[in-house]
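Asks: Please see the structure below; I have some questions.
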Protein chains: 2
Amino acid sequence: MLPVVVVHGGAGHIPKERSELSTSGVTSAVRAGYAVLRGGGSSMDAVVEAVTYLENNPAFNAGCGSVLNVKGDVEMDAFVMEGKTLGSGAVSAVRNIANPIQLARLVMDKTSHLCLTAEGAKQFARSMGVPEVPQESLITEYSRMRWRKNLAPDANPVECQMGKMGTVGAVAVDSQGNVACATSTGGILNKMEGRVGDTPCIGCGGYADNMVGAVSTTGHGEAIMKVVLAKHILYQMEQGQSVEAASDLGLACMKFRAAGLGGVITVDPQGHWAARFSSRQMAWAAAQKDTLHYGLYEGENFTQSIDVQH
Amino acid sequence: MLPVVVVHGGAGHIPKERSELSTSGVTSAVRAGYAVLRGGGSSMDAVVEAVTYLENNPAFNAGCGSVLNVKGDVEMDAFVMEGKTLGSGAVSAVRNIANPIQLARLVMDKTSHLCLTAEGAKQFARSMGVPEVPQESLITEYSRMRWRKNLAPDANPVECQMGKMGTVGAVAVDSQGNVACATSTGGILNKMEGRVGDTPCIGCGGYADNMVGAVSTTGHGEAIMKVVLAKHILYQMEQGQSVEAASDLGLACMKFRAAGLGGVITVDPQGHWAARFSSRQMAWAAAQKDTLHYGLYEGENFTQSIDVQH
């Protein structure tokens with residue numbers, strides 16, 4: 001059953017013309033993460049590799065392709081956590097960085113803190129030798145078009161948000177049974193400057209515990225936070241629920257208590273995994289036993305064999 | 001049993017010469033919160049009032065009296081949550097504000113977001129007409145002395161942190177059975193610029209749910225985050241544990257899984273309350289049935305009657 005890696009490209013509603021981009025993006029990312037695991041890499045290495053792929057892909061709302069805040073700027077949040085130590089790292093509202101997920105990992109590895117925000121996060125990046133990138137390199141024409149459209153007084157950014165796949169994330173278990181998660185996002189369309197969502201908030205955007213499993217979440221951030229979604233799902237698993245049932249219970253709680261839709265990917269240390277969503281769609285992919293699984297609409301689980309290079 | 005309000009002035013080790021200041025600070029704050037409740041105010045009004053008192057008191061590490069970051073600056077985090085709606089508001093790494101807890105409430109009341117950080121939080125404060133205060137007005141001689149001492153290369157800020165009472169917080173239940181929590185802090189001594197701790201992180205620094213109860217936490221922030229302490233305690237209560245047992249189980253989990261010490265105040269909607277800590281001391285006070293309770297060391301529960309003005 002081990003190793004296994006699962007990725008998502010955000011919960012929401014994908015316009016038909018963009019669905020192929022989403023599917024090819026998540027399958028490429030999961031292959032990259034799986035190659036790390038098959039090469040003996042840790043689950044943390046694998047989730048960071050997979051999310052880096054998604055950040056670099058302009059089709060997703062993370063890194064290049066992030067949505068713009070109300071001022072037209074890119075401010076990004078990211079989070080990583082490893083289940084062996086409960087160690088984690090996060091950055092919030094960070095600018096001018098190509099790969100916030102790698103910066104979140106540096107926060108975990110190189111500081112005694114768990115989260116750095118805004119200008120402090122940028123200064124830390126500089127001190128670690130992470131290159132600063134011009135904001136323009138993170139902005140796509142599509143992001144700018146949607147930003148303009150949502151400046152109209154009658155626009156509904158939350159509804160429109162669901163019109164683009166959002167946050168990206170990955171969970172993995174390596175052959176030692178160590179679980180990890182990683183989540184990265186540009187946040188919510190036309191957000192206020194300095195808005196921090198669920199992603200960098202431990203237990204909301206993700207959580208990893210070798211005694212239970214790992215989760216990465218996506219969807220309406222404020223609703224995810226209200227129910228502390230990732231931790232909620234792991235509590236259900238501690239009570240004996242399967243990865244699938246626990247994920248569904250978490251999403252049902254989010255709908256019932258916070259009127260929000262979203263999606264999650266979940267693994268347990270034995271390698272059971274689930275990709276579940278209450279939104280119309282979620283691009284997801286998983287790799288296990290040299291088989292690629294992927295889907296976009298409810299009930300889909302396409303498979304392909306993975307040709308592993310030795 | 002209702003209404004009830006409980007406050008803490010931070011878990012840690014208080015130098016003897018400062019213990020009187022801590023006790024008088026928390027008892028004054030709890031009286032202020034109780035007066036709000038007895039006057040028909042909501043639990044949210046009461047916890048914000050109590051925490052405002054503590055922020056204005058230079059003896060505590062929140063508002064005026066906050067610890068300084070490594071550069072000698074004050075950056076503060078605050079969080080409020082109401083159990084009726086699961087609505088919450090937070091600010092992180094905010095500067096030049098006298099009462100971050102009031103700004104956190106404005107985030108809850110006036111925006112569609114749950115958390116604003118750094119410069120964005122400051123701009124929001126300005127847009128709400130919250131006065132900007134000079135940083136000097138938030139810094140005490142004691143804070144500056146401790147900051148200087150901890151710049152020494154062999155200093156241990158985490159250990160020294162426990163030498164001052166930390167984060168402040170309050171939980172309350174009003175006569176309608178609505179619970180609320182509020183937590184505010186200057187963070188950890190000599191922290192990196194932009195460090196965000198547990199306080200503004202929902203489920204860590206606090207949580208409130210009318211179906212279960214409310215918690216405000218204090219102690220080593222990074223350890224609180226590892227176990228998502230406030231939410232953990234409420235899960236124990238959902239499983240049938242008393243406020244006291246759930247609080248102790250949460251603190252034991254934090255010690256066992258994250259090697260951290262801290263303290264919590266907890267209420268349930270029926271008005272049962274607890275003030276528990278694994279650190280050497282925690283200044284706390286509670287008000288219920290016109291009686292004031294307070295303590296500083298384990299096992300203490302001094303009482304006084306409260307003369308309620310009609």
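Easy rule for this one: first residue shown is 1, then count along the chain.
Heads up, the Cβ atoms here are built off N, Cα and C, so glycines get one too.
The feature active site, nucleophile is assigned by TrEMBL to A:THR167. Taken from TrEMBL, the feature substrate binding site applies to A:ARG195, A:VAL196, A:GLY197, A:ASP198, A:THR218, A:GLY219, A:HIS220, A:GLY221.
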Asks: Quick check on the binding-site residues A:ARG195, A:HIS220: which one has the highest count of other Cβ atoms within 10 Å of its Cβ?
Replies: A:ARG195
Asks: Ranked by the number of other Cβ atoms within 10 Å of their own Cβ, which of the binding-site residues A:GLY197, A:GLY219, A:GLY221 ranks first?
Replies: A:GLY221
Asks: Are there residues of the same chain, six or more positions away from A:THR218 (substrate binding site), whose CB falls under 8 angstroms from its CB, and which are they?
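Replies: In sequence order, A:HIS8, A:GLY10, A:ALA11, A:GLY166, A:THR167, A:VAL168, A:GLY169, A:THR183, A:THR185, A:GLY262, A:GLY263, A:VAL264, A:MET282 meet the Cβ cut-off.
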Asks: So for the residue listed as 'active site, nucleophile', how many other CB atoms are inside 10 Å of its CB?
Replies: 33
Asks: Taking the Cβ of A:ASP198 (substrate binding site) as centre, how many other Cβ atoms lie within 10 Å?
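Replies: Its Cβ shell of radius 10 Å holds 33 other Cβ atoms.
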Asks: Checking the spread of the substrate site as listed (A:ARG195, A:VAL196, A:GLY197, A:ASP198, A:THR218, A:GLY219, A:HIS220, A:GLY221): what is the longest Cα-Cα distance, in whole Å?
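Replies: Value for the max Cα separation, rounded to a whole number: 16 Å.
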Asks: Do the binding-site residues A:ARG195, A:VAL196, A:GLY219 include any whose Cβ comes within less than 8 Å of a Cβ in chain B, and which?
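Replies: Qualifying residues, whose Cβ lies under 8 Å from chain B: A:ARG195, A:VAL196.
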Asks: What same-chain residues, at least 6 away in sequence, bring their CB to under 8 Å of the CB of A:VAL196 (substrate binding site)?
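Replies: Non-local contacts for A:VAL196 (substrate binding site): A:ASP77, A:SER92, A:ALA93, A:THR117.
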